[in-house]
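J.: Below: one structure in structure tokens.
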Amino acid sequence: MSPKTETKASVGFKAGVKDYRLTYYTPEYQTKDTDILAAFRVTPQPGVPPEEAGAAVAAESSTGTWTTVWTDGLTSLDRYKGRCYDIEPVPGEESQFIAYVAYPLDLFEEGSVTNLFTSIVGNVFGFKALRALRLEDLRIPPAYSKTFQGPPHGIQVERDKLNKYGRPLLGCTIKPKLGLSAKNYGRAVYECLRGGLDFTKDDENVNSQPFMRWRDRFVFCAEALYKAQAETGEIKGHYLNATAGTCEEMMKRAVFARELGVPIVMHDYLTGGFTANTTLAHYCRDNGLLLHIHRAMHAVIDRQRNHGMHFRVLAKALRMSGGDHIHAGTVVGKLEGERDVTLGFVDLLRDDFIEKDRSRGIFFTQDWVSMPGVLPVASGGIHVWHMPALTEIFGDDSVLQFGGGTLGHPWGNAPGAAANRVALEACVQARNEGRDLAREGNEVIREATKWSPELAAACEVWKEIKFEFDTIDYL
């Protein structure tokens, strides 16, 4: 190579691999009100200092890459970079710590959970310098949350649409979840709704299979709920699952549901994706449809304590993306969920302002500035004996959903629904009279069986059913 064409690595900028902490670990940084804040549980590889691991997370989830590049000089890294501003040990864990990272707002597209997650929970989770990484919480500033529509309607508007106040709403997932014909499926819906439930539900894996195509199911379910409404004088709903293989097909199903005049549709927001979910949520607000959200696939993401993402983050993301209901565990049923942690993210779904409370897993104060709330849905392995605890734990603004706990009644679906309705109203009345459901719940249920043979039969069937396993989602 001639001297005239020879280049040197030292010309222009200093190339090579740098320690992340030199640029991205900034313990002196004062966070701004507009920053998005993240709390990561970090498990570094042996020999990697905590400061370097925390800085690597900040770098790889914002502006950094593995080497210095000359185009760094064409922008202001100081303006756009993520910053690891604090590190604290995890009690009882020698090799883990919490890294707090602040991201400037300009890194994220307005109104896009998809873009937010692509950065914050993207490639950094496969970074070799880390043995494991878990996103425990996010602080979404009002400057960013106001760029989202949020839930299509919210809790108060839903109650006004249904004309139902002062108690939790009751639901039921139709079983068997797969295999029924559309007409038999509609028959099961009708029996549950006329028996006293407010809602019935498609199971999350019911889309449009050979045994029951979606259009047939929609028609028979609409017929069932209109018939039940006429008989009971109450507004009824069935969560028609619009989830599909393409956004176009999903929207076609939502449009048909609206044409049928039903009050609510459903989406599997994690398997369907945030882009599809936000699209559907916007349509639901514009067209007066409530939107029920199922969280199928969440445990793949959130169940491991050391890696992935806590459900409280997925709950915040759903509130921004849009949904009027979301499944949130039961505390007392067959699915994972510790009480204080569960109530922490239930408050994040429902309330306007939630204070930092590490005892409930809430790492940051969250201000939703009047974004509509989401009703938490308790579903999975629950029955009439759980009703006092569910009423006491979740309060009025919730949906209590009994699938097997309705359809497993020895006398059929309608008596199963009646048993749940009687149990709920007995618990609400007892609570309103000042009785302690935590201590007197079983007595309240037994008293109600005296004037409800349906409830008495249900109590006899499920008196021995318990799911007593230790939770792994603890603080």
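A Cβ is built for glycine as well, from the same backbone N, Cα and C atoms used for every other residue.
Grabbed the feature section from Swiss-Prot, which reads as follows:
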- Lys175: active site, proton acceptor (ACT_SITE)
- His294: active site, proton acceptor (ACT_SITE)
- Asn123, Thr173, Lys177, Arg295, His327, Ser379: substrate binding site (BINDING)
- Lys201, Asp203, Glu204: Mg(2+) binding site (BINDING)
- Pro3: N-acetylproline (MOD_RES)
- Lys14: N6,N6,N6-trimethyllysine (MOD_RES)
- Lys201: N6-carboxylysine (MOD_RES)
- Lys334: site 'Transition state stabilizer' (SITE)
J.: C-alpha of Lys175 (active site, proton acceptor) to C-alpha of Asp203 (Mg(2+) binding site): distance in Å?
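T.: Answer for this pair: 8 Å between alpha carbons.
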J.: What does the structure give for the C-alpha distance between His327 (substrate binding site) and Asp203 (Mg(2+) binding site)? Integer Å is fine.
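T.: Taking the Cα atoms only, His327 (substrate binding site) lies 12 Å from Asp203 (Mg(2+) binding site).
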J.: Here the recorded positions are Lys175, Lys201, His294, Arg295; which one has the lowest number of other Cβ atoms no more than 10 Å from its Cβ?
T.: Lys175
J.: Sorry to bug you, but what's the C-alpha spacing from His294 (active site, proton acceptor) to Lys177 (substrate binding site), rounded to the closest Å?
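T.: About 14 Å separate the Cα atoms of these two residues.
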J.: Just to be sure I understand the packing, how many Cβ atoms besides its own are within 10 Å of the Cβ of Glu204 (Mg(2+) binding site)?
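T.: The Cβ of Glu204 (Mg(2+) binding site) has 21 Cβ neighbours within 10 Å.
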J.: Under a criterion of Cβ-Cβ distance under 8 Å and sequence separation of at least 6, what residues of the same chain contact Thr173 (substrate binding site)?
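T.: For Thr173 (substrate binding site), the qualifying residues are Thr200, Lys201, Asp202, Asp203, Ser379, Gln401, Gly403.
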J.: At the Cα level, what's the spacing in Å between Arg295 (substrate binding site) and Glu204 (Mg(2+) binding site), rounded?
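T.: Their Cα atoms are separated by 9 Å.
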J.: Judged by the number of other CB atoms within 10 angstroms, which among Asn123, Ser379 is the least packed of the binding-site residues?
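T.: Counting other Cβ atoms within 10 Å of each of the binding-site residues Asn123, Ser379 gives the minimum at Asn123.
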J.: Using DSSP and three states only, what is His327 (substrate binding site)?
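T.: Its secondary structure by DSSP: strand.
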